[in-house]
Amino acid sequence: MGQRMPRLFFALDLAEKQNLSARKEIVALKAQLSEAGKPVQDNNLHLTLAFLGNVSAQHTSRLRKQATSIKAGIIETMTSQVGYFDKPGAVWLGLDPAPGLTSLADTLQSLSASITGQQFEQAYVPHITLLRNASTPQPISVKPLSLTFRRFGLFVSEPDPERKGARYQCLQHWPLNEGHIGEI
């Protein structure tokens, strides 16, 4: 029987120390909305840049090597509103499209497409998924929270039978350059 290919994604991690205060508020917001669906595990909160799906070991190696050459600046953004994606049934916290955020996502999606052949058909919507298997939440206003990202990473999604969900583990991080805030 063949080995299962890992499910990968590039993301910005909320666990960076400068975001811990905002992360606590995001966890509290998630708890406030939890009646609408299944909360994402606190340690799985992240901002996806490019979801790659199942990726072979050969493609993973090439992605890691090529990601090293990406030059991008530190990303500073603010949370904006709670939203809902109907098709996957996901409640999310939106982020303002900060300088460099969309460019970094586009760069990583292009890199991924050139290596894996995957096409990204939907426009990039910067968000943090809070709930899955959710219904439309009641309208709620959110306090704007400041987030600063100094690195991006390649993550693997692994089954977590104990929690009946997934566990995300970072395979590798790459720094965002301090000298070029928001620039690619």
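Each residue, glycine too, has its Cβ placed from N, Cα and C.
Caution: TrEMBL annotation is automatic and unverified by curators.
In the three-state DSSP reading, HIS46 (active site, proton donor) counts as strand. Sequence-distant contacts of HIS46 (active site, proton donor), defined by Cβ-Cβ distance under 8 angstroms and a gap of at least six in the same chain, are ALA11, LEU12, ASP13, LEU14, ILE128, PHE155, TYR168. Positions annotated as active site, proton donor by TrEMBL: HIS46.
What TrEMBL lists as motif 'HXTX 1' is 46-49. Here the motif 'HXTX 1' (46-49) has a mean pLDDT of 97 out of 100.
A strand conformation is recorded for HIS127 (active site, proton acceptor) in the three-state DSSP classification. Spatially close to HIS127 (active site, proton acceptor) yet at least six residues away along the chain are LEU47, THR48, GLY83, TRP92, LEU93, GLY94, LEU95, judged by Cβ distances under 8 angstroms. Positions annotated as active site, proton acceptor by TrEMBL: HIS127.
Residues annotated as motif 'HXTX 2' in TrEMBL: 127-130.
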